[in-house]
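A.B. asks: A single structure is presented below for examination.
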Amino acid sequence: MLREIRPAIVLLLALTAITGLAYPLAMTAIAGTLFPVQAQGSLIEKDGKVIGSALIGQEFKDDKYFHGRLSATLAPDPNDSTKTVSAPYNAANSGGSNLGPTSKALADRLKEDVDKLRGENPNAAVPVDLVTTSASGLDPDISPDAAQFQVPRVAKARNLPEDQVKQLVTANTEGRLLGLLGEPRVNVLALNLALDRRAAK
Amino acid sequence: MTVIGWLQIILFCVIVVALTKPLGWYMTRVFGGDPTFLSPVLRPIEAGIYWISGVDEKREQHWLTYTVAMLLFHVGGFLIIYGVMRLQAVLPFNPAGQGAVAEDLSFNTAVSFITNTNWQNYGGESTLSYLTQMVGLTHQNFLSAATGIVLAVALIRGFARASARTVGNFWVDVTRCTLYILLPICIVYTLFLVWQGMPQTLGAYVEATTLEGAKQTIAVGPVASQVAIKMLGTNGGGFFNANAAHPFENPTALSNFVQMLSIFALGAALTNVFGRMVGNQRQGWAILAVMGLLFIAGVGVCYWAEANGTSAMHALGLTGGNMEGKEVRFGIVASSLFAVITTAASCGAVNAMHDSFTALGGMIPLINMQLGEIIVGGVGAGMYGMLLFVVLAIFVAGLMVGRTPEYVGKKIEAREVKMAMLAILVLPLMILGWTAVGVVYPAAVASMANAGPHGFTEVLYAFTSGTANNGSAFAGLTGNTFFYNLTLASAMFVGRFFMIVPAMAIAGSLAAKKSIPPSMGTFPTTGGLFVGLVVGVILIMGGLTFFPALALGPIVEHLAMNAGNLF
């Protein structure tokens with residue numbers, strides 16, 4: 001048995017060096033050369049400043065922007081570091097609400113948000129993804145239904161004809177991969193950037 | 001449920017089955033010591049590792065030596081992770097300036113990673129430095145996966161060899177598995193993931209100013225290289241807190257699909273390795289059929305439950321299924337499918353929050369783990385777990401006809417059956433025992449996030465996941481407390497090693513036996529009758545043991561939900 005001690009130390013260190021250092025560092029170098037944009041986090045710049053990542057959702061509250069999904073992410077309470085406070089779309093601390101199917105807190109929240117949205121657009125059914133929190137709290141997408149639902153509000157706030165806004169939504173809708181994998185979706189940040197560009201014209 | 005949803009599920013199954021044979025062929029060559037197309041590059045590295053560590057690759061080990069070598073290897077692995085976590089504040093690659101990780105959390109995480117559980121009491125981006133992620137976690141993702149695979153191979157050798165004293169050399173097996181199987185696949189896989197949008201950088205977190213003018217700190221890091229082995233090795237410990245639900249850890253529908261495939265690929269291929277090594281590939285296919293039946297049943301129930309949604313949603317006229325805690329790009333079907341895959345295998349990565357699943361949808365992952373994660377299972381762990389059930393099933397069949405049972409030419413006798421029972425009984429002991437403590441001990445009760453039966457399920461899920469070395473969670477439960485850090489570590493440790501040692505004892509005792517040719521009276525183990533028998537034994541064992549606990553949790557919650565009760 002004693003002769004197993006040396007490999008237990010040396011072989012472990014050798015494999016640690018290969019898999020824990022050489023492999024991730026080499027992959028960082030190669031990936032950074034082949035796919036420089038993705039490797040850095042698919043960042044979007046506007047006027048030389050980083051305004052976010054194409055893959056990470058951000059919070060929109062203004063009526064003139066399309067809103068993303070609800071986010072349950074938290075941040076440390078500035079007044080008491082042992083507690084946390086709600087901080088939607090905190091991209092340094094991802095996470096979901098973890099409320100279960102019989103949670104009263106969830107049922108109350110759903111009701112409140114559904115009522116609010118019905119007031120905003122009484123003519124369409126409320127899409128479920130607009131009143132539920134995402135798993136990561138950073139979901140960059142909403143369903144095409146959820147985007148269409150918001151068209152009247154955005155069009156009104158921007159003084160644009162609804163048809164034009166609808167067209168933008170359609171142009172920014174991504175289908176399933178090969179018509180099969182995933183779900184149709186609209187990237188909220190991309191759509192809002194397209195809206196801003198349209199307004200600037 | 002939709003047609004397109006089921007097409008995605010069917011496509012997944014077809015590709016897994018198609019990969020089984022070629023991967024099984026390749027892995028059999030690697031563990032047989034045969035040259036492969038990568039040998040010209042890798043053989044010098046392999047030989048160098050043996051040379052510096054003093055390993056004689058020709059010398060094989062007795063099962064006990066093999067097991068001791070494996071345990072020593074884990075002691076070292078534990079010390080490396082624990083040390084790096086405690087010292088990360090003064091070590092390099094720490095641009096976010098993360099401080100030292102607390103003692104109990106470091107202990108829990110170190111046990112979690114050496115046991116291939118990868119339970120996340122830590123919050124990736126908010127706790128760990130890049131060095132900890134790489135040297136602590138990525139390296140152990142490789143080695144705990146390699147360990148699982150080589151243990152399964154050692155047990156398979158027990159079945160395949162006759163009158164043999166040895167079951168292989170642990171050091172050679174681990175080195176070859178890491179160099180020839182895990183590393184090459186991960187290199188290609190990492191590049192694919194980065195192409196799909198996964199970050200791979202040592203740069204600091206990005207400060208962004210959003211369109212509405214708010215500040216957003218975006219956590220990045222060497223994500224892709226870790227995620228590749230996290231999925232392939234069925235580890236499942238996330239780079240980020242939200243795991244594979246985080247857009248950086250799973251950017252697209254395609255990355256999601258490939259991640260699901262990579263969870264099952266090696267585990268499914270091991271059934272083919274088994275068939276090849278015992279000289280009849282149909283033996284492997286029969287085992288894969290057992291796994292496949294249980295898998296499809298689980299997917300069907302979970303998908304149906306999630307697509308159906310909850311009573312609270314129905315009351316408000318919301319359609320489209322239970323989207324609480326799910327991502328739009330995956331939707332209902334890919335989230336349900338992922339949940340079943342990750343718990344059937346002992347992966348534990350999640351692309352949706354299991355805590356927010358419907359009662360029945362969340363019960364399927366729970367059952368998958370309680371059955372011992374033998375539906376494909378963790379790389380290697382699923383295979384040796386399944387072979388334990390096969391030993392029991394064969395024993396039951398033998399009792400029925402009054403003959404000494406035999407399997408692939410080996411007589412199954414009292415010693416093997418006792419060892420198999422010992423390994424299988426560890427699951428309920430740890431799961432039900434600790435859950436009972438967790439629901440009465442006040443400091444543990446305070447950790448529950450949901451009230452009512454759902455809170456009970458959170459605790460049951462935690463100890464099930466820990467004992468089964470899965471690592472997924474009903475994440476509302478506050479796990480980073482002194483109580484849970486220690487009790488979960490004990491569940492993970494016992495669940496891993498008290499399964500491995502009896503399995504290795506079986507390997508040793510089988511290897512020493514003579515091989516007997518099949519006769520007229522031999523029970524055929526490649527047909528439908530055998531598949532049905534094994535499925536039956538698995539369901540009766542798991543069902544009888546855990547049904548009372550499930551009745552207190554998800555089942556009563558489902559009934560309460562239908563009656564309109566909220567907690």
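Each residue's number is its place along the chain shown, starting with 1.
Just so it is clear, glycine is given a Cβ too, placed from its N, Cα and C backbone atoms.
Since this is a predicted model, take the numbers as computed values, not measurements.
Quick paste from TrEMBL:
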type	residues	note
TRANSMEM	B:6-26	transmembrane segment
TRANSMEM	B:63-85	transmembrane segment
TRANSMEM	B:137-156	transmembrane segment
TRANSMEM	B:177-195	transmembrane segment
TRANSMEM	B:257-274	transmembrane segment
TRANSMEM	B:286-306	transmembrane segment
TRANSMEM	B:330-350	transmembrane segment
TRANSMEM	B:357-376	transmembrane segment
TRANSMEM	B:382-401	transmembrane segment
TRANSMEM	B:422-444	transmembrane segment
TRANSMEM	B:482-507	transmembrane segment
TRANSMEM	B:528-551	transmembrane segment
A.B. asks: Counting only residues 6+ away from its ends, which parts of the chain sit with a Cβ under 8 Å from the transmembrane segment (B:528-551)?
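C.D. replies: Residues 286-287, 289-290, 293-294, 363, 366-367, 370-372, 374, 389-390, 392-393, 396-397, 424, 427-428, 431-432, 435, 460 contact the transmembrane segment (B:528-551) from elsewhere in the chain.
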A.B. asks: Have the transmembrane segment (B:482-507) and the transmembrane segment (B:137-156) got at least three CB pairs under 8 Å, pairs 6 or more apart in sequence?
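C.D. replies: Between the transmembrane segment (B:137-156) and the transmembrane segment (B:482-507), which are separate recorded stretches, there is contact, as judged by 3 or more close Cβ pairs.
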A.B. asks: Would the transmembrane segment (B:6-26) count as touching the transmembrane segment (B:330-350), i.e. at least 3 C-beta pairs under 8 angstroms with sequence separation of 6+?
C.D. replies: yes
A.B. asks: Could you check if the transmembrane segment (B:6-26) is in contact with the transmembrane segment (B:257-274), meaning 3+ Cβ pairs under 8 Å among residue pairs at least 6 apart in sequence?
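C.D. replies: Touching, yes - the transmembrane segment (B:6-26) and the transmembrane segment (B:257-274) meet the threshold of 3 or more Cβ pairs under 8 Å.
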A.B. asks: With contact taken as 3 or more Cβ pairs under 8 angstroms (pairs 6 or more apart in sequence), are the transmembrane segment (B:137-156) and the transmembrane segment (B:257-274) in contact?
C.D. replies: yes
